[in-house]
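Before any comments, here is the structure.
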Amino acid sequence: MYSKQTFLSSVLNALNGLFFFITKERNARIQLTAAAVAVTASVLLRISAMQWIIVLTCIGAVLCLEMVNTSVEKLCDVVHKEYHPEIRWVKDIAAAAVLLAALVSVIAGAIIFIPKMLSLI
């Protein structure tokens, strides 16, 4: 049984999870690189405040869903070490959530960035 944690210890645990996610998960580093590119493009193209909200929401959604996906996969691996078709479904659905968020983010990015880039030509 877990003991009650202080707010500070909860924050430290969350930061530990974030550190693990960034250092151990290849997809996290890929998505953080894509996020850095999107933020850099946003600064250079001087997007509006509303467009910033959209870009940051997309980045947050993809990263958060990837963290949930990673957690689901790790938990499934602990619960059932051998292959199981139901576990596969759980993992595939969690991965599909990340994929869907990433696709929507790419579409939102195209809607925001393509007109800005074309206006520079």
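Cβ from N, Cα, C; glycine included.
As annotated in TrEMBL, transmembrane segment covers the listed stretch 53-72 rather than the other ranges in 33-52, 53-72. For the binding-site residues His84, Lys91, the largest tally of other C-beta atoms within 10 A is found at Lys91.
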